[in-house]
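Going by TrEMBL, these are the annotated features:
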type     : residues : note
ACT_SITE : ASP563   : active site, charge relay system
ACT_SITE : HIS603   : active site, charge relay system
ACT_SITE : SER761   : active site, charge relay system
COMPBIAS : 450-463  : compositional bias 'Basic and acidic residues'
DOMAIN   : 262-482  : domain 'DUF7580'
DOMAIN   : 557-776  : domain 'Peptidase S8/S53'
REGION   : 444-463  : region 'Disordered'
Amino acid sequence: EIAKAICAAAGEQRITPAEACYSVAHDVAVGLQLINEYLASLPPYWIEPDVEELCHSLLLDLLDITKPPKRRSNPALFPRLPLFSSPSGGSEAQNLEARVLNFFRAKSTKAQKLKSTCDELRVKLTKDDAENDPQQIPESALKQLSDADMSGCFNSGVFNALELASTCNPQSHENTVELPWHPARLCLDETKGGIRVLVSLTLETGDWQEFCVGTNQTETPDNDDASFLEQGSFCNFLNKEITACLFLSFIEGRGFRVLGEPEQLHQMLEAGRGESLATVLSKYDLKPKDKVLLASTVARAYWQYYDSEMMRTRWTSDAIWFMPEKRIKPRRDQLPLCAYLSFPFGAPDTSSRDIFLKDHLTHRCPRIFDVGVLLLEIGLGEKFQTGDKPDFVAQHNLNHKIATDSLEELEKAAWDGFLNKKVFDQAVKFCLYSKNFIKATKKPQTGRRGIGERPEPMTAEEQKRGVLERRKIFYRNVVQPLAWLAREGFKAQPGQINYISKKRPDTQPESTDPAQQPDEECLFHSAIVPKMWLEDIKKIGESVERKRRAKSITTPVRVAIVDTGLNMDLPIFTKKPGLKRAVIDHVDYVDPGTSTITDAFGHGTLMARIVMESAPGAEILVARVARDTKQLKTSQENICKAILWAGKPGRADIIFTSFGVSRKDQGGIGEAIEAVERERREDIIFLASAGNSDTDDESFPACHASVIAVYATDKHGAPLSSNAASPGQSSWVLGTYGEPPDSLRAEFASLYTGICEAGSSIATAAMAGISATMLAYATALPSLVEIPCNHVLKRLRTTKGMEALLCRLAPQSKAHPWLRAVKPPVFWKNKPGDSMRLCAFIDTQAEV
């Protein structure tokens, strides 16, 4: 506004070049406009401290020109900007112009000072433009950060001395403590004057004793060896429950001794294990500030202890802990955001290797990859779900693929208007590509067989230099940017503790547009209620349909029901008329002359309702082949016609029959199935009920080679006693939920008494719905993950392909090894992401 006022005055000749103040006023106007442009383009977190000070000084000078602010005591920079950014007009604009011109004419010394401040600020804002990437934090800001390297002091004896003092002496305790070492944890947060260590009697009982360990002591130790802590020394402190922080001084070659007077505890912590990071991510609400502070803490600590004994165990979200406080007036549902890592005393070395130059790894720095995954988890606010491969290389490469796919999700996420999130994303991304940490090497030599020879093993000195180089790269590209965000963006200070609150239950408004509905996959991240199996499968189907609509996928999935028909006057269809739209065609082979479909018995209607619930997006074809189940034995001709109708002109993707006949009474049903298969080139799926008699073998057509036989299970996945006789020990069968939920029983209780009962009929309809949802999901996955895999997923449209996928959806049971109980909610919970599920889908089709 001040620059505009000066320019307006010059344009209207109210200030002319002949005046002595013109040149200064003009330069100030140009400078202010440039400064405004640069500041507007920068997030506050990128503004360096010296630039911020100049902004304060400039604002104070500009305030003198206009009018005093209402609150002169407020030192904040940006709350004052509205004073100058609000457009003014009329008399206000004239008054501002008059005050500005009076300032330049009457106060030449102050005007010259204002010009100097503008020039200095403009130079600082523009000096690095030609050489700096605008997405990078200013180099001058990074130089201000410095952290202590703790690997050296830990490797020089600190870790061993703590391990010695933490050794448990059972005779020192009244109650037997059957642990070789007392649990000890290292505080990862930055503290002044040393490192914080917590030690407890056991993980379940006893207060946490706090120690502050100094590692840079230069004093000369006394000759009295008894003054140094010995094996089991911590036992005495734990028995006394001192409730104070004790200071320990470390002397290399001698160990620890207590130094000075105790101080008050930094925190009063509750006894017990606390909460793991994995739990915190699922139960607590992490704001952008919390994510930045926590990520900065983890990255800084990882760099500090990168080459120390603290790497003996892998740093994962299950290994980092947060401790609730013990307060007279506790903070309700709040947890201190202060991270701890357990000391791996006596633990075998399970750490990730620093580097692999051999093998076919897509990320050759596993230790760097681990911290990248940690930062990714913090950014996404959820635990990283690893793949499942028996081979190390395959497992590592799968995890790397999942991580890079998840990175895209992180980059697309918005953090409540957080302007500098890209710096966070870049830090995570940098860790996920090992080429950033490995210098280019010469191409491998080619042997006689034309195979590149593997590099020679590195010497100890080369390994040491490599570790040092990778730590430097990690510090420069990950630790420093995150520390800059934390310290300058959120003014984080050593020892300062922030608190996080538990997530509140979501109260999302209902939406009639499925594409706008929130994804409910998170419901499977907690407990799965067995009796709600149909509701859970429906949620999966709805989620799939939202994904398809978001990607504009309209390829239909069509299910054909060969049964006793469909009652379109069922009360639920009046209550929810949209359900009837799923039925796109029907045919009646019992009463061919009728124009409408009917169902006097109710069995076919029950099958249709289960498909509607378990596959909300599926199109349904209905073929009425019998009046009731008793007539089915004499309705083979109608069944054959129905199969041919559904498979040829109906173009059904799935055809199922929830009944069976004996093999000798099949009457051409097998030939009809094979005819459709030939017509469709096996691009069709057949399902059939295995039967409800434990004295009989599988009924027909379930026993046909081109049909998936379906057995019934209870809500927990155990086989129902009414199933057909189980196969021999050398084979297995597929089954799924055969117990109807109470809500479904209520729909049929009055109109069709005795129809909605447990058995393989319900299981077959449920399996058809599950199969339809999986087919629909397969049409969307290539777009969701952006991997060209349509040619592989097409195999799912065959009976063999779907059978292989359904087997993957069925966790193995030790109690019933012959039965694979298909449980989609369990699969959805264990594979919480499109990338992971796509990997599983593709894996199942490898041998189809």
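Placed from the backbone N, Cα and C atoms, the Cβ positions cover glycine too.
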Cα separation, SER761 (active site, charge relay system) to HIS603 (active site, charge relay system) (Å, whole number): 9
Distance [Cα-Cα, Å, rounded] between ASP563 (active site, charge relay system) and SER761 (active site, charge relay system): 11
Averaged pLDDT, computed only over the residues in the domain 'Peptidase S8/S53' (557-776): 92
Fewest-neighbour residue among active-site residues, criterion Cβ within 10 Å, set ASP563, HIS603, SER761: HIS603
Reduced DSSP assignment, HIS603 (active site, charge relay system): helix
